[in-house]
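Asker: Below: one structure in structure tokens.
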Amino acid sequence: MPRQARAAAAATDPQLARFIAAMPKTEYHVHLEGTLEADMKFVLAHRNGLKLPFADVAAMKASYKFNDLPSFLAIYYDGMKVLLKEQDFYDLACAYLTKAASQNIVYTEMFFDPQEHLKRGVPMAAVIGGITRARHDAQAALGIRSQLILCFVRDLSAESAMAALDAALPFKEHLVGVGLDSDEKGNPPEKFRAHFAKARANGLHVTAHCDVDQVDTLRNIRTALLDLKVDRIDHGGNIVQSPELVAIARERGIYFTVCPTFSGTLRAAMQQPVDVVRAMLDAGLKLTISSDDPAYMGSEYLNDVLIRAADRSQLTRAEITMIARNGFEAAWLPAADKSAMIARLENYVRPAA
Ligand SMILES: [Zn+2]
């Protein structure tokens, strides 16, 4: 759908849009490198003495054309080459956290892809150091709390992923978990069995992308649930095709981080529009909603994504509140911290006396 049409659709219920925008929220499926806006790429390229093959921001944004996951990933990985120094990662994370705080996200767990940076000779200390400094500064200045999830880039080698994990473990107090992203085709979850076991042994939580409509998707969801023993699944919408897997996920209390903008964009390109959010809610699954890679999705951050999902999936105020509550319940935080955030949400939705 053209962006103008989407914006018009999102404006159909301004009262609901205001309710969503001011609501305290979480976000768990956001790739920091996917928040790298075109204008920041120019700033970082200039600072690092790199020449970009685009005349200006508009020309760069015009190049963001993709019709499947591989064509998206090619643009995404190319774009992050401007990230070289600790300060670059600081600026990137600060920009996202500032945007998130302005949208009333009170807590976020952010993905990053260190293998791509290590490949370019950037030390792990610069990557995690810059992001961690930004997390602390954003919490002090804006009140937004955040944690960090290291993602394995699944289409690189298993050895590369293990090297990244080993390089990150000295900084593990700055990490809350590990995840699995990039191209799932030919890179099933079991490729990372040893990595996930090692991460868990080091006290980290585990999640994994199970992208929509991937080859062997149900098989991979099953492996992620039963073999990798993930705490969460990122995307995972095809699970609704398997009542058995739905039952397993419900019994284990698995939370899904669903990104309707990203899935919708690819599904529209594939001519298979399906309402993933509605299907998962109807199956009784616990889902949260996130923006995924907003810099490449028309700069639609969480509020835009939620407002459009509410419109597209005909979400009621109660369903939106339940999705927000799922977010706080799913937090990889101590129970007391989660309860305090849930109380804040309940205070927000409680009708005025
Ligand atoms: Zn993702």
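Each residue, glycine too, has its Cβ placed from N, Cα and C.
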Asker: Since TrEMBL lists His29, His31, His209 for Zn(2+), which candidate among Asp282, Asp292, Asp304 does it give for that site as well?
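Answerer: Of Asp282, Asp292, Asp304, Asp292 joins His29, His31, His209 in the Zn(2+) site that TrEMBL records.
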Asker: From the Cα of His235 (site 'Important for catalytic activity') across to the Cα of Asp292 (Zn(2+) binding site), what is the distance in angstrom?
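Answerer: Per the Cα atoms, Asp292 (Zn(2+) binding site) and His235 (site 'Important for catalytic activity') stand 10 Å apart.
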Asker: Hey, how far is His31 (Zn(2+) binding site) from Asp293 (substrate binding site), Cα to Cα, in Å?
Answerer: 6
Asker: Who sits close to His209 (Zn(2+) binding site): which same-chain residues at least 6 apart have their Cβ under 8 Å from its Cβ?
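Answerer: Correct list: Arg154, Gly179, Leu180, Asp181, Ser182, Glu184, Ile233, Asp234, His235.
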Asker: Let me know the DSSP-derived helix, strand or coil state of His31 (Zn(2+) binding site), please.
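Answerer: SS state of His31 (Zn(2+) binding site) = strand.
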Asker: Quick one: which of the recorded positions (His235, Asp292, Asp293) have their CB closer than 6 Å to ligand 1?
Answerer: Asp292
Asker: To the nearest Å, how far is the Cα of Asp293 (substrate binding site) from the Cα of His29 (Zn(2+) binding site)?
Answerer: 9
Asker: Around Asp292 (Zn(2+) binding site), how many other CB atoms lie within 10 A of its CB?
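Answerer: Result for Asp292 (Zn(2+) binding site): 28 neighbouring Cβ atoms inside 10 Å.
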